[in-house]
Amino acid sequence: MGPKATEKKRKVQDAEPESDDEIAPDFDGALSQSEDEFDSDFDDNEHEQDGEQESGSEASDDEDEEGSLLSDDIPSDAEGDKAMGKLVLEDEEEELEIEIPGVDPKRPEKDDGDKNYRIEKDANGNERYVYDEIDPVYDSDDSDAQEAPNTIGNIPMSFYDSYPHIGYDINGKKIMRPATGDALDALLDSIEVPKGWTGLTDIHTGNPLNLNDDELELVRRVQMGMIPNELENPYPETVEYFTGIEEKMPLSAAPEPKRRFLPSKNEAKKIMKLVRAIREGRILPYKPPEEREKEEEEEEQYFDIWQDEVPQEVNPLHIPAPKLPPPGFDMSYNPPAEYLPTKEEREEWEKLDPEEREKEYLPQKYDSLRKVPGYGEIVKERFERCMDLYLAPRVRKNRLNIDPNSLLPKLPSPSELKPFPTVAQTVFRGHDGRVRSVAIDPTGVAVASGGDDGTVRVWELLTGRQVWSVKLSSEEAVNTVRWRPAKDSFILSAAVGEDVYLMVPTHASVTPALDQASRDILSAGFGYATNGQQHGAAPGKEPPAKWARPGAKLEDEGVLIRITVRSTVKVINWHRKGDHFATVSPSGQRSSVAIHTLSKHLTQIPFRKLSGLAQTASFHPLRPLFFVATQRTIRCYDLQKLELVKVVQPGAKWISSFDIHPGGDNLIVGSYDKRLLWHDLDLSIRPYKTMRFHSEAVRQVKYHRGGLPLFADASDDGTLQIFHGKVPNDQLENPTIVPVKVLKGHKVVNKLGVLDMDWHPREPWCVSAGADGTIRLWM
């Protein structure tokens with residue numbers, strides 16, 4: 001009798017399934033018998049299965065048709081076969097069945113509602129329900145890590161050597177010892193190595209110990225000499241100190257050497273050596289492919305480079321001899337003239353004892369190298385060299401690894417250097433456009449300002465209230481305003497284009513007596529003018545400046561004198577006594593610098609020719625010295641002797657301003673190339689300190705005139721830098737320069753920030769004028 005269609009047997013193959021989707025997850029762990037039993041059944045019934053399959057194919061076709069007509073929810077035999085791991089290929093006459101490995105052929109087919117238990121007979125013959133063990137996969141309810149099947153704990157497995165079991169599972173059942181094969185089985189297992197095979201046995205379960213994919217990948221990386229953890233980077237990016245840490249100022253500002261910009265002569269020699277070899281045929285630039293392949297094969301041969309190496313003992317006591325110093329220019333056979341000794345120097349050298357001579361030879365000059373005689377002291381020098389190498393002890397000097405921060409001087413904390421301005425106390429608003437200049441009067445009560453709107457305004461310092469203003473021009477801006485430094489008057493000077501105005505503003509603190517004294521000082525000089533010509537001017541030539549009244553309208557507002565020069569005035573600086581002031585016109589060329597005498601209404605041009613364009617000028621606070629700054633240098637002149645004293649070289653590309661310390665021995669310079677330079681006039685003409693703290697040009701620099709060790713600079717980046725600059729009385733000590741505060745408040749308009757600043761004559765306060773049209777008082 002032929003078997004039914006539902007009892008078809010499956011052919012078991014050794015190939016692995018192509019994907020997990022073709023096999024239902026219910027079949028995991030369903031194989032309860034060994035593969036040997038399946039192989040034996042397959043060999044015995046091979047011929048019987050062929051006949052059964054042919055007879056059962058027709059019955060399966062009829063059942064498939066009936067099942068498909070009854071319900072759509074019930075899968076057909078072909079679909080059931082696919083669910084059971086069988087691939088069915090239907091044809092018109094026959095049905096081919098291909099069995100898929102990993103599926104138990106004896107297990108009955110299950111539908112979607114299959115139960116997770118089976119019915120067995122107990123010892124009394126009653127039915128007993130045996131449930132399948134739960135497989136805690138990722139989709140199951142148990143998401144914890146899989147526990148070990150053997151729950152005996154961490155005890156030696158030798159305790160179970162005399163028992164047939166090796167432990168107990170979580171339900172208390174004995175875990176029987178698995179059967180072990182003979183030597184032939186072990187040999188066959190080693191030949192047919194499955195994936196993850198190790199040849200080891202798990203002592204807790206007795207089963208072969210196999211490796212998973214992650215463990216196999218770890219073993220592969222170790223065998224290849226790679227890092228076990230693929231996420232670890234064995235070569236992290238090194239962070240060098242001098243590139244990883246951003247420095248505000250360079251550790252070394254030395255200029256680049258010339259050899260950096262010249263081609264290497266050694267490389268040229270190597271290249272010419274290769275060129276000659278190619279020309280002579282010793283080097284073939286092109287090799288046939290056959291020779292190239294042979295060379296590549298030879299290069300691929302690996303060998304141990306340390307095979308014949310003999311270990312050598314390192315002698316730590318050996319120190320190489322120091323090298324002789326290279327010869328200098330004076331040892332040349334044709335040295336420069338400045339190296340040749342004079343007659344007096346030669347006689348003095350010959351009178352000295354050989355031990356007292358600085359050099360053992362005198363430079364000599366020869367016309368050619370063939371005329372140079374033999375050196376008579378060669379034997380003596382070589383003997384002394386040998387004696388030095390033999391007798392002089394040698395010391396190995398270790399290179400010091402010093403942190404660059406430890407080389408910097410220990411500066412005091414800014415909190416210990418107070419008082420200095422920290423916050424913006426008052427904001428003055430009223431100008432239309434930029435405020436180009438600002439100045440505090442000698443009494444410290446009023447502030448004067450000038451801007452692009454052509455007006456000069458006077459404000460109360462503490463309240464910020466405007467007390468006086470005058471319109472000097474409607475077309476040109478007020479470039480600068482400066483107060484007369486003497487306290488016996490209340491005189492303000494302002495420059496608009498080619499005109500310099502002297503005025504007496506009205507203020508609540510100005511008494512009638514002080515106002516009258518100021519007007520008398522300005523009017524006293526008109527008695528020295530004769531026929532409208534200046535004293536000292538050659539007859540028939542135009543005077544360097546014209547002193548005149550500005551007009552009735554301006555005189556009623558307090559403007560008393562107008563001085564007209566030949567070009568636009570950018571800078572005004574007063575002498576400490578208040579009788580002289582200097583004006584600078586950068587576009588004036590010969591008449592760019594002028595010195596005016598207030599008591600005589602006299603203007604003088606001190607320079608007939610000035611090397612470079614004048615940028616600013618200032619008087620020395622104590623001595624009769626006059627400083628004039630061009631684009632790159634600052635020249636110091638003696639006004640009594642009428643001679644040049646020194647030329648200070650800051651090293652800046654374009655000087656914007658400078659100021660002299662009240663002590664007279666130090667100088668600070670601001671430049672358009674973002675640098676602030678401190679000069680010690682007694683030390684050198686070069687800068688003592690160079691500070692690069694700004695990102696834009698430095699417009700103005702000022703010392704505090706009231707005895708406080710403070711100075712500041714204003715920049716186009718919209719900030720003011722406040723510094724503590726202490727000048728010691730002892731000339732052997734260096735000045736102490738500490739940056740203490742950065743004042744931010746002005747806005748940058750059209751790449752212009754803070755244009756001018758000035759200190760209070762007594763308090764640690766300062767005012768600043770910005771391109772945003774505001775004036776700020778910092779306290």
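Using the three backbone atoms N, Cα and C, a Cβ is placed for every residue, glycine included.
Annotated in Swiss-Prot:
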COMPBIAS  15-25  compositional bias 'Acidic residues'
COMPBIAS  34-67  compositional bias 'Acidic residues'
COMPBIAS  104-124  compositional bias 'Basic and acidic residues'
REGION    1-124  region 'Disordered'
REPEAT    430-469  repeat 'WD 1'
REPEAT    473-513  repeat 'WD 2'
REPEAT    564-606  repeat 'WD 3'
REPEAT    609-647  repeat 'WD 4'
REPEAT    650-689  repeat 'WD 5'
REPEAT    693-733  repeat 'WD 6'
REPEAT    749-779  repeat 'WD 7'
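With pairs at least 6 apart in sequence, the repeat 'WD 7' (749-779) and the repeat 'WD 6' (693-733) have 3 or more Cβ pairs within the 8 Å limit; the two touch. Counting same-chain residues at least six beyond the ends of the repeat 'WD 3' (564-606), those with a Cβ under 8 angstroms from any Cβ of the stretch are 479-486, 489, 491, 493-495, 497-500, 502, 521-522, 524-526, 528-529, 534-536, 543-548, 613-619, 621, 626, 628, 637. Helix, strand and coil counts under DSSP for the repeat 'WD 3' (564-606) come to 3 helix, 18 strand, 22 coil. Counting Cβ pairs closer than 8 Å to the repeat 'WD 1' (430-469), the top stretch among 609-647, 650-689, 749-779 is 749-779. For the repeat 'WD 4' (609-647), the number of residues in each DSSP class (helix H, G, I; strand E, B; coil) is 0 helix, 19 strand, 20 coil. Across the repeat 'WD 6' (693-733), the prediction's mean pLDDT works out to 91.
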